[in-house]
Amino acid sequence: MAAVQGTDRPIGWPVVLGAVLMAALGIVLRQSEPPLPGFAEQELFTQIGAAVFGLAALFLALGTLAHLLGLTLLRRRPERGESEWLLAPDDLRQLRVAGIWAIGWAITAALQTPFAGANSIGVPVRYAFTDLSSFLSGTQTTPTWLFTALGALVLGICCLIGRSWPSAIAGVWLSLLLSLPTVVTAQVSVGRDHDFATDAATIGTPAFLLAGAAAWAFLHRGDDSVAAATRTRRIVAVAGLLALLLRIGIGVFELAGTAPWASRYGIVMLIGLLLLAALPLTALGSWNRRRARIAVTLAGLSLGNQVALLALFPPRFRVPQTDQENYLGFNLPSPPMLPELLGPGRPNLLLATVALTAIVLYLLGWLRLRRGGIEWPVVRTICWTLGWLLICYAATSGLWEYGSAMFSYHMLVHVTLNMLAPVLLVLGGPVTLALRVGHPAAVDGLQTVRDGVEAIMGWRVLGVLAHPLLVWAAFVGSLYVLYLTPLFDLSMRFHWAHQLTTFHFLITGFFYYAVVIGVDQPPRPLPHIARLGYVFAAMPFHAFFAVIVMSAEVIIGADFYPLLGLTWGPDLATDQELGGQLTWALGEFPLLVVVVALLIQWFRQDNREARRKDRAMDAGYDDAYEEYQRTLAALAEQDRRRESR
C-alpha cells in the first residue's frame, strides 16, 4: 500500500526567495572585496549566472534526493499477493517525478558548466563559450559540473524507465555521489590542509543533503505515522549534527587562523553555521509536519548560503603556500626514517572514518546476534575487524603520508588496499550478518534495512555489474589503465582523484575476492574448480605488471613528482624499480593464500555434502546408492545373457 502523497509544497516561494536573497548577499559583498591576483577581468554577469544556475542545481538535486528517499526510507511493504520489489502505481509515479527533477538538475548543471568554470578563475563567461575545451582541460570546476550534468541525466533516465524498489535505492546512492564532484573541487581543494577539508566535505555534504531531503520526503510522502516520524527525526538529527560538526571544521580551515568577523566570508559563514545548527534542533522532541517544514526551510536557506560563500574568497586563498601544500595539503621536509614510516603519520581521514565505522557497525550487529542467542562464527568477526584495522593502519601511518610523494610507498599502500585487506573482509560475511541481524518489515510496515539488502542482492543490474568476467577485468585491468596512462598523474595531482582511485581499488579487490572465497553468496556464484582457474588467470597479469614497472624506461608519474620539489629521496627511476619489486613480492602472496583458502573451503564443502548424503541414505530419503547398485546389477545381467547366447 503506497502512502498518500502530501498535498502541500515542501519548498515554497518564500524559501526560494530567501535562498536567492542569501546568494545575492554574497555577490554584493564580492563587489566590494579586493580581487585576487589574476582576477582583474571578473565581471558581474558571470557571477550572477554562476549563482543562479548553481542555486537552481542545488535545489533540484535536493528535490531529486527527497523524492527518492520517500520511495526508500518511507516505503511500506506491499500487501500479501503483491509484488514485493515492483513499485505500486503511486510509487511508480513518484519515481517518474524524481526522474523529472533529475533531468532538471542535469540541465541546470550543464548551463552552469561554462559559468562556474569562468567564475572560478575570474574571467568573463564569453571566454568559456568560445573555447570550452581549454576550460575542460585547464580547470577542475568545468569538467566536474559537466560530469554532474551527465550523471544527473543518466539518473533521470533510469528513474523514468525503472520500475523496481532496488532502482530507487540505487538512485539514492547515485544522487549522493553526484553531489560530491562540484564540492570537492571548490574552495575546500585549495591550500594547506586541503586534504582534511576535502575529506570533511566528502562526508558532510551527503549528510546535509540527507537531513534536508528526509524532511522534504516526510512532507511530500504524507505519512504521519509514528514509525515514519521516528525514522525521519533520527535521520535529521544524526545527519544534521554530523553536517554541522564537519562544516565547523571546514570553516576553521577556510578562515586560516583569522577571526570569523574579520572578513566578509567569515560573516556569511557564521550565518550558515547558525542555519545548520538549527537544523538538527528541529528533531528535538516529537516530529511532525510543522517541524519538517522548518527543517526544509533551513535546508533551503543553507543552500543559498552555500552559493553566497562560493561567490566570496575565503581568507585561505590569500595565504601563500608551498608546492607540496598545493598538491598534497602538507609538507614533507625530510626523508622517511623507519619510525616515521611505520608510526603515526598524516592520516587519510576519509578512509580511516570508513574503516572505523565499518568495524563499529559490524560489532554492533554481532552483539545484537549474541543478545538474541544466535551463533555467529568468531573467526568472521576477527577477519572483518583485522581487515579494516589493516586499512586503518595504512591510512593513518607514515605509509600513506609518504606514499603521496613516493611511488614505492604508494604501491605498498595500493597492494594493501587492493589485495591484502579485501581477503580478510570477504571472510567476514557482512551481507550475511546484515540479513541475520535485521528483520523483514511486517505487511504495510516501513521497509527495513534487511529488506533493502535483499532487494539489492536480488537486483538484476547488480548481477550484471558483479559478473565474474567484469570483476576480473576491473581487478586486473585497473592496474594497467591507471599506472600505464596519464591517469596516474591526474589521480595524484588532486586529492579527490587520489581518494577516488583508492576506493576504486579497495572495492574491486573486495568484489574479486568475494567471487573466490567470500562467505556471502555472490549474485553469480562459480563452482570451486572455476574459482581456482579464476585466481590462476589473474596471477600472471599481476606478475607481468610488476615486471613492466621495474623494467620500464618511462617514469610513472613523471609529470607529477617533480612538481613537489622534494630535496631528498632516491631518483624516480630507482624508486619506481623498488615499487615494482614490492608489487611483485607482496602481490603474489595474497593470491597464494587465497588458493590455499579456496582449497580448504572446497574440501570442507565436499565433506559436508558427503555427510549430508550419508544422513539422507541412513534416513531412507536418498536411494541414489541403491539405484546405482541396481543399475550395475542390471548391466551385469545383460552381460550374462549376452554371453549365454
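Note: Cβ is positioned from N, Cα and C throughout, glycine not excepted.
Straight from TrEMBL, the features:
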TRANSMEM  12-29  transmembrane segment
TRANSMEM  95-115  transmembrane segment
TRANSMEM  144-161  transmembrane segment
TRANSMEM  168-188  transmembrane segment
TRANSMEM  200-219  transmembrane segment
TRANSMEM  235-253  transmembrane segment
TRANSMEM  265-287  transmembrane segment
TRANSMEM  294-313  transmembrane segment
TRANSMEM  420-438  transmembrane segment
TRANSMEM  503-520  transmembrane segment
TRANSMEM  532-561  transmembrane segment
TRANSMEM  581-603  transmembrane segment
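Beyond the transmembrane segment (420-438), the same-chain residues lying 6 or more positions past its ends with a Cβ under 8 Å from any Cβ of the stretch are 358, 362, 365-366, 368-369, 374, 376, 379-381, 383-388, 390-391, 394, 448-451, 453-454, 457, 506, 509-510, 512-514, 517-521, 586, 590, 593-594, 597. Sequence-distant residue pairs (6 or more apart) of the transmembrane segment (294-313) and the transmembrane segment (12-29) include at least 3 whose Cβ atoms are under 8 Å, placing the two stretches in contact. A Cβ distance under 8 Å defines the sequence-distant neighbours of the transmembrane segment (12-29), meaning residues of its chain 6+ beyond its ends; these are 44, 47-48, 51, 54-55, 59, 264, 268, 271, 296-297, 300-301, 303-305, 307-312. Here the transmembrane segment (235-253) has long-range neighbours at 73, 188, 191, 193-194, 196-197, 200-201, 203-205, 207-208, 210-211, 214-215, 260, 269, 272-273, 276-277, 279-280, 282-284, 287, 295, 316, meaning same-chain residues at least 6 beyond its ends whose C-beta is under 8 angstroms from one of its own.
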